[in-house]
Amino acid sequence: MMKIWNPQYQMLDHWRGIAALWVMLFHGFGTTYDEALSPLAEGLKAIAAPGWLGVHLFFVISGYCITASVYNLRLKQGNTWDFLQNRFWRLFPIYWLALLATLILNIISSPFNNVPIGNFISTSWQWWLGNILLIQPYLGVSYYVIVYWSLVVEIGFYLIVAILLFTESCTNTKTAVFIGLTLGVISILLGGTGFTQIGALAAWSEFLCGALAFAALFAQSQNRVYIHYFAIGSILILGAVSLGMNFIGVGNWLWFSVLFALGLYLLYKLDKPLADMKILHWLKFTGLMSYSLYLLHVPLQGRVINLGSRFISEEDPLFLLLQVLGWAVAIIGSCLFYRFVEKPINDWRYRRRSVSL
């Protein structure tokens with residue numbers, strides 16, 4: 001008989017905070033990566049330069065959390081439709097309000113940045129439909145904010161998981177797991193094609209790393225040795241294949257996601273002591289509002305830097321202070337958005353879910 005296990009991993013909030021801040025730093029330097037800045041700014045730029053890897057951290061975290069969500073759903077005898085509804089209410093309402101806030105911000109700031117208002121409002125219905133429903137690559141339209149591409153990938157993850165859940169309900173768990181792992185292999189082969197229409201499938205192996213980390217910890221809690229080592233072995237195989245692909249010239253960053261997933265697995269025993277450290281509590285809060293920060297950091301810090309760069313050149317040591325101001329505005333604005341928008345919506349979602357299941 002299966003023992004009930006609490007899949008909560010408290011430090012994941014901290015890791016979300018790290019990922020969100022890293023991505024924010026990366027975008028903060030914008031087009032200055034090929035420019036010479038002050039020595040201190042160059043040091044920060046070196047840390048920020050690989051900040052796009054924060055998105056890969058998010059993919060692994062998503063794999064763990066969505067698998068944990070499916071586990072809890074099964075305990076409550078939920079179905080595929082329940083899963084899709086929960087994911088919809090988690091992602092779209094907050095995204096729509098962030099999109100609206102960005103539109104308003106761009107319109108208000110346009111006179112100060114010498115940019116016509118028309119540049120911020122498209123007349124194409126395909127553009128509006130694509131950005132409202134997060135189907136931009138399928139309609140061939142641009143993302144209103146550059147970071148929206150990863151949300152399209154995330155929705156793809158949800159749809160793949162929903163298909164696997166439906167498959168399990170029609171067949172059995174082993175068939176669904178086999179399909180999920182097979183998609184992981186296909187994902188590696190597609191990894192070098194970029195994140196376009198097949199973004200979710202190309203990144204599925206990274207999501208799978210997080211799911212396998214959950215599976216390993218769950219199997220360990222149930223004393224199911226075979227499944228435990230199978231999950232860990234699968235992560236290692238994904239890493240080995242990734243390194244092999246890089247060796248033959250097919251670049252991918254799956255190995256980075258593999259290392260992160262293994263790190264999550266190994267650090268699980270230290271989860272509570274690390275999460276209880278007061279010095280890290282600010283990072284936990286940053287993780288809690290990471291979705292708001294991820295959605296809003298580009299438009300908020302972008303407006304500050306665009307306006308300030310009219311008076312301060314990139315070579316000026318004061319340019320770093322301008323960037324710091326941009327980050328501060330992004331964090332404060334995102335914090336307010338989280339407090340008055342994201343948190344109330346999530347609280348409502350939790351109440352709704354507890355009633356429906």
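In case you wondered, yes, glycine gets a Cβ from its N, Cα and C as well.
Positions annotated as domain 'Acyltransferase 3' by TrEMBL: 12-339.
Among the features that TrEMBL reports, transmembrane segment is placed at 12-33 (among others).
Among the features that TrEMBL reports, transmembrane segment is placed at 53-73 (among others).
Among the features that TrEMBL reports, transmembrane segment is placed at 94-112 (among others).
Residues annotated as transmembrane segment in TrEMBL: 143-165 (among others).
Positions annotated as transmembrane segment by TrEMBL: 177-195 (among others).
Non-local neighbours of the transmembrane segment (201-219) in the same chain are 5, 7, 56, 59-68, 71, 153, 156-157, 160, 180-181, 183-188, 190-191, 193-195, 225-228, 230-232, 234-235, 238, 242, 254, 257-258, 260-262, 264-265, 268; each lies 6+ residues outside the stretch with a CB under 8 Å from one of its CB atoms. Marked as transmembrane segment by TrEMBL: 201-219 (among others).
As annotated by TrEMBL, transmembrane segment applies to 226-247 (among others).
The annotation transmembrane segment is assigned in TrEMBL to 253-270 (among others). Counting only same-chain residues 6+ beyond the ends of the transmembrane segment (253-270), those with a CB under 8 A from a CB of the stretch are 9, 11-12, 15, 53, 56-57, 59-60, 63-64, 188, 191, 205-206, 209-210, 212-213, 216-217, 232, 235-236, 238-239, 241-243, 245-246.
Residues annotated as transmembrane segment in TrEMBL: 282-300 (among others).
Under the heading transmembrane segment, TrEMBL lists 320-341 (among others).
The stretch with the most CB contacts under 8 Å to the transmembrane segment (143-165), chosen from 53-73, 94-112, 226-247, 282-300, is 53-73. Listed as Cβ neighbours of the transmembrane segment (53-73) (distance under 8 Å, sequence separation of 6 or more from its ends, same chain) are residues 7-9, 12, 15-16, 18-23, 26, 79, 82-83, 86, 150, 153-154, 157-158, 161, 165, 203, 206-215, 218, 253, 256-257, 260-261, 264, 294, 357.
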